[in-house]
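Participant: Please see the structure below; I have some questions.
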Amino acid sequence: MYQNQKFDYTFDEKASNDLVYHYTAAPLIDTIFNGANATVFAYGQTGSGKTFTMGGDLSSAKTDYSHGIYAQTARDIFHRLSQPQYRRSVEIFITFYEIYCGKVFDLLNNKKRLRVLEDQKGLVQVCDRQEKQVKSVQEVLNIIQ
């Protein structure tokens, strides 16, 4: 049985990380500065390029995290925070977890298995995940390394 799926955008293997960022994560910057949470996730089979897209080029001797979605998002968030109208007490926290074979693992806590529950409002909650406060792009890059 086939199901129809609707996507805002699809990208092929020729799409640059900059292009993917522009259409996916970049619009979420306004969302978080309007007081909401945002989640960016990559979905696909093993070897399909999720790590490259999210983290950057990790394959060469000169590992380059600067063009991954994580780094681009962090740059835009901290750039916005440096502007006068956003200079206020704001704390940025990040979490990283992996969903693999229907199980959720905390990538900031030695791949500890996490529970996923639905709350009374119907919102999905990932329980007991590790959160790290970050104050700069470099701190984000240090964590993903």
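Positions of Cβ are set from backbone N, Cα and C atoms, glycine also.
I grabbed these lines from TrEMBL:
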- Gly44, Gln45, Thr46, Gly47, Ser48, Gly49, Lys50, Thr51: ATP binding site (BINDING)
- 1-145: domain 'Kinesin motor' (DOMAIN)
Participant: Near the Cβ of Ser48 (ATP binding site), how many other Cβ atoms are there if near means within 10 Å?
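Facilitator: A count of 12.
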Participant: Cβ within 8 Å of the ATP site's Cβ centroid: which residues qualify beyond Gly44, Gln45, Thr46, Gly47, Ser48, Gly49, Lys50, Thr51?
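Facilitator: Those within range, site residues removed, are Ala42.
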Participant: Run through the domain 'Kinesin motor' (1-145) and tell me, per DSSP, how many residues are helix, strand and coil.
Facilitator: 45 helix, 27 strand, 73 coil
Participant: Just name the winner among Gln45, Thr46, Thr51 (the binding-site residues) by count of other CB atoms within 10 A of its CB.
Facilitator: Thr51
Participant: Validating a neighbour-count step here. Other CB atoms within 10 A of the CB of Gly44 (ATP binding site): how many?
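Facilitator: Cβ-Cβ neighbours of Gly44 (ATP binding site) within 10 Å number 9.
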